[in-house]
């Protein structure tokens, strides 16, 4: 390489050439060449960069005498007598030149602005998320499959002899426990292999279920799951993990006919079943999903896969999202896509307002559908389209003259599905409290026909989080690996989730069924999520509704029997109890109960109101309360 070329090239190009060496390297050249380059390179490129920056500054900041000597900007009408004036006069003279010759200076200004923007863009760290990045607009109407990672074609070679050996081993181990069974079917899958057993007459299935841990130890397996009932077959299933596990990628499931032929905008991908077939659900039919599993079981990846699959099927006119992310990590990556109704909610107080807005929107949609005589959101949108095609568009029947500045009611527009995604439901319950559970229960009870659907995820599947009220209204559940059988029963009302293998292995309880389906969840990497999100960001910006997170409690959005905060009813005996407590200096519940001859619950509520008003203190370690208010002043 010649000496001048090395001097003229910037450091970045030299570094890239050194990172990609040729396959054959001459060691003599390696020893000599870098020494010459190290002697020649350190001074010249630095000097060159400094010169460029000085030239860029000279156009606007240096005096006119020095500006005439530069080659980057030409000013033929430069005033040569400006050197005798002071610095302020020179600046004023330059201002006159700008007014007299706008063409040259405008071109120079545009060139310098372009250079400054290029330098600013080059100085940005490419590893940080740029919210206002200019992305090229895609040409396809929807995201393409090229955005996702496509694994190399792998040879799914099945060793039939090895499977037959395992089948004979299973029969032998069951015989050790005095259970006579015969393997009649073997179904290998990407993660597990199911062996179907034909039990001898008189053998109970519960005997095999109780031996699951012993069978796992005898077969040297990580876990063995017993499927007591296989729909449509008189056999018992025994699921053993494969020696080598295959990864199910999102691109494999999205490209399957099961997903591509599904026309619903709310189609969600789950993964593949034990036979390797795609498992796809429809959120509009579910209509809500409860996802639970321990940390590291693949729960967040499963939620991301559901969201990505809907982004592949729907436009912002079809589906809109409200995302609640207490951890500020999993769902914040979707910030800026045009499907969002509001920014990703990370404050739990705003999350309560968002759910309350959903309740109000649900009630509004029900009134609209009732006025149009339809039963669900699809019928509502179809009727709007039919009326518009017939030349009779429908005006808003709920509009009042004071609602807007318009002289006539506005036309009704197509209503999109609204999907509310909560990443950590337990944290939301812990911070906000019981009101969130009531809001979610109300949405789960009524919002199906209004097109509002819930995806709730939690890593703490306990009964205080997944209550009976929630389970009764969310029939579709997905259980990833849990630690105990009790947690599995909390989610699915049956065991089995404690025997899963982790890393996306799940049990899927479809709506209207009591039999679970074992699904190997599809895997979507961070690069896949970023690619799809950037593709939608380039198509448009979101139109946020500010009232979602800033909504106040109104009469329309309050639950039945609920009262606005700070407007709690005061008991009629409150003033008398205050007088009694401040006089006797005793604030016990039993004392109030005896003195006013009321029940314990009412007396306890009154004492709690006294505590809220600061009249009595909170109960101490022994249950006694201290009276904080001064005694009443008696007239003499």
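Any Cβ shown, glycine's included, is placed from N, Cα and C.
Annotation comment: TrEMBL describes 1-25 (among others) as region 'Disordered'.
Sequence annotations record features per position, and here TrEMBL assigns region 'Disordered' to 62-101 (among others).
Under the heading compositional bias 'Polar residues', TrEMBL lists 73-85.
Annotated domain 'FtsK' per TrEMBL: 276-489, in sequence order. Computed over the domain 'FtsK' (276-489), the whole-number mean pLDDT of the model equals 90.
According to DSSP, residue 294 (ATP binding site) is assigned to coil rather than to any helix or strand. According to TrEMBL, the ATP binding site annotation covers 293, 294, 295, 296, 297, 298, 299, 300.
Cβ neighbour count for residue 293 (ATP binding site): 29 (other Cβ atoms within 10 Å of its Cβ, all protein chains included).
A Cβ within 8 Å of the Cβ centre of 293, 294, 295, 296, 297, 298, 299, 300, the residues given for ATP, is found for these other residues of the same chain: 459, 480, 481, 502.
Remark: of the binding-site residues 296, 298, the most isolated position is 296 (fewest other Cβ atoms within 10 Å of its Cβ).
Its Cβ taken as reference, residue 297 (ATP binding site) is surrounded by 25 other Cβ atoms within 10 Å in the chains shown.
Working note on the binding-site residues 294, 295: by count of other C-beta atoms within 10 Å of each C-beta, 294 ranks first.
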